[in-house]
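Report on one structure; see the data block that follows.
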Amino acid sequence: MTATVYSLTAIVFMAMVTFLLGYVGSRKANTTPDFLVARRAIPASRNAAAISGEYLSAASFLGVAGLVLKDGVDALWYPVGFTAGYLALLLFVAAPLRRSGAYTLPDFAEARLGSVNVRHFSTFFVVCIGVLYLVPQLQSAGLTLTTITRLPAWLGGLVVTAIVVVNVLGGGMRAITLVQAFQYWGKLFAIAAPTFVLFVVFLASPNRATQPLSDEGVVRFPQAETITVAEQVVKVRVDEPLRLRVSGQINGRDADGPVFWGRGVYELSPGTTMEFTAGSPVPVVEGSPTTNEAWSRPQTGGISELVRTYSLIFATFLGTMGLPHVLVRFYTNPDGKAARRTALHVLYLLGLFYLFPTVLGVLSKLYLPQLLVNGKTDAAVLMLPETMLPNLGGQILGAIVAAGAFAAFLSTSSGLVVSVAGVVSTDILPGKVRDFRWATVFTGAVAIALAVALPRSDASLTVAMSFALAASTFCPLLVLGIWWRGLTWVGAVCGLVVGGGLVISAQVVSVVSSYTGRWAPAFITQPALITVPVAFAIMIVVSKGTRRRVPADVSQILLRLHAPDPLGFIRDRDVARFGTAEEKARMAEGKRRGAGRAR
Amino acid sequence: MSRHDAGKPEQPARDAWLGEQGRKPRRRRVVLADSTKKSGKALRTIIELEEQTSVGEKLVRDLIRQQLKSAFGLAFAVLFGMCLLPITFYLVPQIGDLEFLGIPVPWLVLGVAPFPILYGVGWVFRRQAERHERDFVNMVDR
């Protein structure tokens, strides 16, 4: 009970700091460019911290350690891919995108290709990706709150949504920049401190009652354990026969009392309680390795595992550059060079952070094998401190971790809400500050409704799906748009529709398959390996076929995207559309002066 | 919606963004003698860039090609390196037996090594890209 009090205090503290920083940031925010791109005046180091703060979502803070616990060394491809994506963004997109002067992704598409149609399609996919990414954040917030307080899951999502919406209403992008930058350092502390302490605890207790990882057999419970299945049906695989006591439903039939489980797959209904003895083998969620050997070695899952890994590499490497909430932060840089420096700084900050979840994942494999039974591995980071240190120290560490997790939901959700609201308000509504506020409320409402309605799956997996969607839609649009003169709006729209359509149908098929026996092959559950090349090919082929539609001013636009900043070709489109008369005049004067110098 | 409409959305806004040069038909500048002073030449090159004379267009194309070459080379190297790992692990499972300081090598290769490497590649690219841009500005400003 005291632990709950500590954790709740830490979470409330985090929420208050968030409010306070949001308030400080929003005092001076009153124009549309403030709300959309924070007036493009954020210095590179703060922007990098804000980007990292926003990017390290529930999937990174809780999900990576959980996947390491479940899948072992192969799960490390997630943090590697999440980081490598920023390299691709730095190489291909960062500076030219900033120089385009656009204020949202659809705005860039229209500026480059000169067509409102491509703008509408981009808007649709921005909203899709944004919502697809928001839902797991809110669901994980629910999971966190249930894990520490037993309050209902929807409440956590609702609290996060409320805080985010209020903050964003106050000052849009300008308000959340400071919040997100602070939350990066908060999260780094919240994951680094427990890692150091728990690692020392691990080293200092040589006689601990855990199964050593060098033991290559099946995973076993270090002590007797009672486990209750939560709200969803779980399928577990048993590789070595065991005896246990059950009360509830197994494979759809009522069971009560001692039972014997041979090798095979068992379906556990919600509410089923199992009592395992110490040393008994751990039944593991279907699809994950059951032995320590398979867990600690890479690529033990055969060809389908190999395909899935390659698909994941593709999706994360190319998907990051297509995530609207990441891109919108690059528009806030003062110029192209600063955008590049920001991206490089992000690589450093992310690399630093991702060293820690891996260690926590390995430790939870030793101390928390019971999470492998009900599949709620996302909770590992939250439960580990108190399991390893059942005293005041553990409770305080647990509170720190809970606050860090909460920071992860808040900062990522803020970024997503701002980017989606920015797009909705400028493309669907007239784009005044009031429209931005309405769009914020609307986005929050839709996201929380979906989060409550949809079944929860692992945060990292859902997030990987939005990476695949981004990699198959906006990645080709940006890369070809920035580097290839021949792209036409017809080609871009065809590529967006086919790439996005393929990923969405793959998502639907794999959801259906997960309910009806997991028959979908790897290239459907992780589709990027196929959909990304297809989207690129379609954009190129259709553009070649519609060569007449290449915008007449394409050379001008490419000059603007690539010319070094000191030459002064940047013209910010948000100023042109929403700026005050004075700002517009200054922009026009700059142009005239440039022309005047020539004569 | 006719093709004409689709191709030309909110033309006034787009013109404002593109600047007056974007609307003009292309003009080819013929230079007979270079009699201008230093600063005059720099300005003229900027104007040439904006008006996309054949010289200006050639300059921009070269810059874009240089930047793309850097970016593509590094991206290919990184992607190739990453793609090599899973297939190596798959074909040579003995790698899983190797240990360094008591930690299996695959864990180090995936859990620690990529981050400094990725940062290093990013650092190299930033340096190259900024050098290309500096060269370009120097050439224009010479």
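Glycine is no exception: its Cβ is also placed from the backbone N, Cα and C atoms.
The annotation transmembrane segment is assigned in TrEMBL to A:6-26 (among others). For the transmembrane segment (A:6-26), the residues of the chain that approach it from at least six positions outside its boundaries are 148-149, 159, 163, 166-167, 170-172, 174-179, 182-183, 186, 395-396, 398-400, 402-403, 406-407, 410, judged by C-beta separation under 8 angstroms.
As annotated by TrEMBL, transmembrane segment applies to A:47-69 (among others).
Taken from TrEMBL, the feature transmembrane segment applies to A:75-97 (among others).
Long-range contacts of the transmembrane segment (A:118-139) within the same chain: residues 57-59, 104-107, 109-110, 153, 156-157, 160-161, 322-325, 408-409, 412-413, 416-417, 419-420, 423-424, 427-428, 443, 446-448, 450-451, 454, 456-457, 459, 462-463, 465-466, 469-470, 473-474, 477, 489, 492-493, 496-497, 500, 504, each at least 6 residues beyond the stretch ends and with a Cβ under 8 Å from a Cβ of the stretch. Sequence annotations record features per position, and here TrEMBL assigns transmembrane segment to A:118-139 (among others).
Residues annotated as transmembrane segment in TrEMBL: A:151-172 (among others).
The annotation transmembrane segment is assigned in TrEMBL to A:184-204 (among others).
Long-range contacts of the transmembrane segment (A:310-331) within the same chain: residues 36-37, 40, 47, 50-51, 54-55, 77-78, 80-82, 84-89, 92-94, 97-98, 102-105, 126, 129-130, 133, 173, 339, 342-343, 412, 415-416, 418-420, 422-423, 464, 466-471, 473-475, 477-479, 522-523, 526-530, 532, each at least 6 residues beyond the stretch ends and with a Cβ under 8 Å from a Cβ of the stretch. Residues annotated as transmembrane segment in TrEMBL: A:310-331 (among others).
The transmembrane segment annotation in TrEMBL covers A:343-363 (among others).
Taken from TrEMBL, the feature transmembrane segment covers A:396-424 (among others).
The feature transmembrane segment is assigned by TrEMBL to A:461-483 (among others). Cβ atoms under 8 Å from those of the transmembrane segment (A:461-483) belong to residues 57, 59, 63, 78, 81, 85, 92-93, 96-97, 105, 108-109, 112-113, 122, 125, 128-129, 132-133, 135-136, 311-312, 314-324, 327, 492, 495-496, 499-500, 502-504, 506-507, 526-528, 531-532, 534-536, 539-540, 543, 561 of the same chain, restricted to positions at least 6 beyond its ends.
Under the heading transmembrane segment, TrEMBL lists A:490-513 (among others). Nonlocal intrachain contacts for the transmembrane segment (A:490-513), taken as residues 6+ away from its ends with a CB within less than 8 angstroms of a stretch CB, comprise 109, 113, 115, 117-118, 121-122, 125, 128, 465, 468-469, 472-473, 476-477, 480-481, 519-520, 524-525, 527-528, 530-532, 534-536, 538-546, 549.
With a cut-off of 8 Å between Cβ atoms, the residues of this chain six or more beyond the transmembrane segment (A:519-542) that come close are 304-305, 307-308, 310-312, 314-315, 318-319, 464, 467-468, 471-473, 475-477, 479-480, 484, 486-488, 490-492, 494-496, 498-499, 502-503, 506, 509-510, 513. Per TrEMBL, the feature transmembrane segment maps to A:519-542 (among others).
A Cβ distance under 8 Å defines the sequence-distant neighbours of the transmembrane segment (A:396-424), meaning residues of its chain 6+ beyond its ends; these are 3, 6-7, 9-11, 13-15, 18, 35-36, 53-58, 60-62, 103-106, 123, 126-127, 130-131, 133-134, 137-138, 140-141, 144, 148, 160-161, 163-165, 167-168, 172-173, 176, 179-180, 183-184, 186-187, 189-191, 193-194, 197-198, 324-329, 381-386, 389, 436, 439-440, 442-444, 447.
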